[in-house]
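> I am attaching a structure below and will ask some questions about it afterwards.
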């Protein structure tokens, strides 16, 4: 063949959903061989992967491509010619790093080859000469793609594994509690401001009440004096008419004073109501302060639970890693037994043919 595999590994293959451009769609039911190919006649590098006889990856590496590691075992790159984004889920971080190193190496080689060819052709004509649908130049078989590279690995990533890193749900209680704490702190600050204003108004109202009480006492003394004066004037018969007129005026003055006194009493009742409201606000502030303390205690408990969950998660991950290592060991033993059985079968077949 004109193209030969120069590096091969195994991975789960995904493509970006063409409708949402967000979700990953698996294109292989299990881990398949993914290989780098080099076309010596055209001096280009390609990434090709077959699932049976179907090519699920056929991407030509260009200098402007970038391979991005989105997690410890998942990487992706965009292919503008195929108008898609490819994603690969590896069995370990080591295989992901190896694939990324090769991608960078072949990308640099493609850049150098392109710089050399710029003397003969323009940069803008290159994409039109190689379409995404015409990249496969030779009939490739799974055997030719698999090659003999030692970098092949046993697939350990399940089909339902999530390729993208997701935030852990253990941090949600702490975040929610922090939001509640900030809300109560804002409410407490508002209540403190209102309490300060009400306290100032209460002090001013108390001073006004004292002043009004003094004025009320003075009005009462004046009314009492006027009543006495009316009595004295009534005793004087020679000045009856003048006393009557003066009495009428005094009565009007008394009515005005009583009306003023009533208004002052209503104002005093209003101030008392404001004082009661201020006390209720003070009680609400105390209640909110207590709730804030309870929330802080709850936050501490949640932090302890979060720490415990993180330890349990780490322990679970260690156990899973040990389980994977055991599975890998068993698979290697199984491969050896299968190889021995195959040799035994071939020997028996030869014996039968010879006999």
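Using the three backbone atoms N, Cα and C, a Cβ is placed for every residue, glycine included.
Because TrEMBL annotations are produced automatically, they should be read as predictions rather than curated entries.
I grabbed these lines from TrEMBL:
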- 1-110: domain 'WH1' (DOMAIN)
- 114-174: region 'Disordered' (REGION)
- 138-147: compositional bias 'Polar residues' (COMPBIAS)
- 156-174: compositional bias 'Polar residues' (COMPBIAS)
- 202-333: coiled coil (COILED)
> Looking only at the domain 'WH1' (1-110), what is the mean pLDDT?
91
> Count the residues of the domain 'WH1' (1-110) that DSSP assigns to helix (H, G, I), to strand (E, B) and to coil, and report the three numbers in that order.
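Across the domain 'WH1' (1-110), DSSP assigns the residues as follows: 18 helix, 54 strand, 38 coil.
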